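Record features, source TrEMBL:
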- T43, S44, V166: FAD binding site (BINDING)
- Y223, R278: D-dopa binding site (BINDING)
- 5-324: domain 'FAD dependent oxidoreductase' (DOMAIN)
- 1-19: signal peptide (SIGNAL)
Amino acid sequence: MAAPKVAVVGAGVIGLSTALCIAETCPSCSVTVLSDQFSPNTTSDVAAGMLIPHTYPGTPIHVQKQWFKETFTYLFAISNSAEASEAGIHLVSGWQVFKNTPKEELPFWSDVVLGFRPMSEAELQKFPQHRFGQAFTTLKCDCPPYLLWLEKRLKATGVQMYTRKVADLWELHSEYNVVVNCAGIGAHQLVGDEKLFPVRGQVLKVHAPWVKNFIRDGGGLTYIYPGIHRVTLGGTREKESWSLTPDPGTTKDIFDRCCSLEPSLRGAQDVKVKVGLRPSRRSVRLQREVLSRGGVKFPVVHNYGHGAGGFSVHRGTAKEAARLVGECIATLQGSSSRAKL
């Protein structure tokens with residue numbers, strides 16, 4: 001068969017990195033990204049981009065750890081390269097603090113991040129409300145630069161990108177051999193996934209260049225994540241809320257919570273408020289499916305539903321999705337060669 005044509009629907013961090021992995025692992029493919037929104041207007045642009053995994057109750061821990069490890073290794077290599085600044089990737093050290101000692105003192109990802117250890121009594125004095133803490137160094141992606149860097153990499157490998165609203169995956173079957181669904185929260189409508197729900201996140205992006213360390217409350221609701229140019233303050237987790245309008249009361253609440261962890265933030269300047277809808281489900285949907293209508297078969301690979309943890313596992317899930325696309329193409333090539341016999 002001629003060069004297989006693959007369409008990736010969605011241009012957030014999952015869509016772009018999946019398209020890149022397909023282009024890298026299947027150089028004979030023609031890959032196109034289709035999305036109604038590109039950076040800076042994607043959910044990924046709002047994300048803090050910290051590599052601290054979120055646990056998916058429906059996905060085996062060893063699989064989540066593998067995804068995280070692959071992502072960490074990939075971004076760590078970029079952080080050690082001349083492209084680190086352009087890609088917006090840097091190491092950041094800090095603390096995760098708890099009011100009570102957690103059941104799991106060693107999370108599954110503790111040996112993937114760097115220098116993970118319990119905090120000392122002296123360090124904990126900085127957080128009088130907290131009784132236990134963990135110190136470690138991880139990676140942070142500044143999201144808009146990282147998405148632009150991915151787009152640049154895609155263009156360099158010959159991937160096409162078009163602004164297009166896809167209402168039904170079937171509309172692509174006459175143009176493409178395989179479609180990859182990385183539509184994020186859009187998959188709720190696109191494929192009617194009732195298990196997918198939005199978790200609304202409101203964050204503040206502030207200018208506070210003196211804040212160098214991340215601080216995260218163990219519950220994951222309050223966090224201070226320093227980026228290259230701005231510090232992200234969060235946050236909220238509002239299940240089933242579809243509102244993209246910033247709430248002033250929430251802004252004040254986030255600011256006050258973060259100032260209680262880091263009082264110097266009272267001097268932060270130029271507060272910008274952002275809202276995103278995390279595409280959440282019990283497990284990431286990462287699987288092959290064959291759609292069929294009137295005897296016509298159309299292979300689809302799904303890679304969505306990463307919720308709050310997309311940046312932490314994006315490269316690992318993209319590699320897996322690219323492998324599934326390779327299987328779809330092998331099946332198609334097998335059936336086209338059989339048809340010739």
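Keep in mind that glycine also has a Cβ here, set from the backbone N, Cα and C atoms.
The subset of binding-site residues (T43, S44, V166) lying with their Cα within 10 Å of the Cα of R278 (D-dopa binding site) consists of T43, S44, given in sequence order.
Y223 (D-dopa binding site) and V166 (FAD binding site) have their C-alpha atoms 35 Å apart, to the nearest angstrom. Cβ packing within 10 Å was compared across the binding-site residues T43, S44, and the lowest neighbour count falls to T43. Take the CB of R278 (D-dopa binding site) and look out to 10 A: across all protein chains shown you find 24 other CB atoms. For the domain 'FAD dependent oxidoreductase' (5-324), the model gives a mean pLDDT of 96. Shown in sequence order, V9, L34, D36, L172, A183, L190 are the residues of the chain, 6+ apart in sequence, with a C-beta less than 8 angstroms from the C-beta of V166 (FAD binding site).
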